[in-house]
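Working notes, structure below.
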Amino acid sequence: TLAEYVNDTSYFGPLNGRVAQRMARGRFVLDGKVYHTYINDGKNAIHGGKRGFSKVIWTVKEYVAGGDSPYITMYYRSFDGEQGFPGDLDVYATYQLTGPYELSIRTNATALNKATPVNFLQHVYLNLGGEGSGDILGHTLQLSASRYTPLDVEMLPSSGRVDPVAGTSYDFRTPTPIGARIRQVMGGKVYGYDINYVIDGEGMRKVAAVRDGKSGRALELWANQPAMQLYTGNFLNHTKGKGGKLYEQYGGFCLETQAYPDAVNHPEFPSVTVRPGQVYKHDMRFTFSF
């Protein structure tokens, strides 16, 4: 229901922004000016603040229900000062069935009058076994990522390091069950993955491949972003989802393509600043097979 969506705390499926992922102390400096954003994750900000893009009302700009590639395009004008971010921002998000088993998500944003940081992510939970089928620990995962950004106890990349995954429990360069080493990593205060990977290559390229041996379902994710957060549903706890089914810990996984987390406070990371007239573009494509 609409009420369940608005009151959701697990980010079940929305587009997060204006700056998704965590931001240290909810502050950043841009062009010499200090900005303070809404703090909603302990001492830090996460997913755009208390009223980020997952909590606002979007306008349907286009809707094509029929044909070979049905789609819907939604629009939102993020205003200057919203949740502490500078400048007006025009945002478009298109969800399109671009093939029989293919979902494309294309987002873009134009800064209108002030420079502003922008980092969107799509917080889709996936379970290839289907709703109510249990956990995803048996799914095999392969990532096109040879490096990752270590996170501290507040889930921030405070060191600014980018380390190789080789020899660590974060190495998914070859197909590996998600649960194979999950007890060796912490996603916050619980066991599980909640970590940012640096995706090899540039442009639109394959980011991940996942397969569920029980159902035979598989997916490939392609995207054009530099990084991706892997989250294994560590804090799901009797969370109501698709079909009214309840999702417990590890009941779904997220592949959140994105910019580097907290890039606004790390000049050594690729910039997320969008200046007036510039356009931010974030494309994803999920291809399913059986």
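Cβ from N, Cα, C; glycine included.
Annotated beta-D-galactose binding site per TrEMBL: HIS123, VAL124, TYR125, ASP194, in sequence order.
Residues or ranges marked as active site, proton donor by TrEMBL: HIS123. The number of other Cβ atoms within 10 Å of the Cβ belonging to HIS123 (beta-D-galactose binding site), over all protein chains shown, comes to 18.
Sequence-distant contacts (6 or more apart, same chain, Cβ under 8 Å) of GLU256 (active site, proton acceptor) comprise ALA20, GLN21, LEU121, GLN122, HIS123, MET228, GLN229, LEU230, TYR231. The active site, proton acceptor annotation in TrEMBL covers GLU256.
The beta-D-galactose site in the record is lined by HIS123, VAL124, TYR125, ASP194, and its two most distant CA atoms lie 14 Å apart. Every protein chain shown contributes to the tally, and the Cβ of TYR125 (beta-D-galactose binding site) ends up with 21 other Cβ atoms within 10 Å. Within the same chain, residues at least six positions away from VAL124 (beta-D-galactose binding site) with a Cβ under 8 Å of its Cβ are GLY13, CYS254, LEU255.
For ASP194 (beta-D-galactose binding site), applying a Cβ distance below 8 Å and a minimum sequence separation of six or more within one chain yields LEU151, MET155, GLY187, GLY188, GLN229, LEU230, TYR231, THR232, ASN234.
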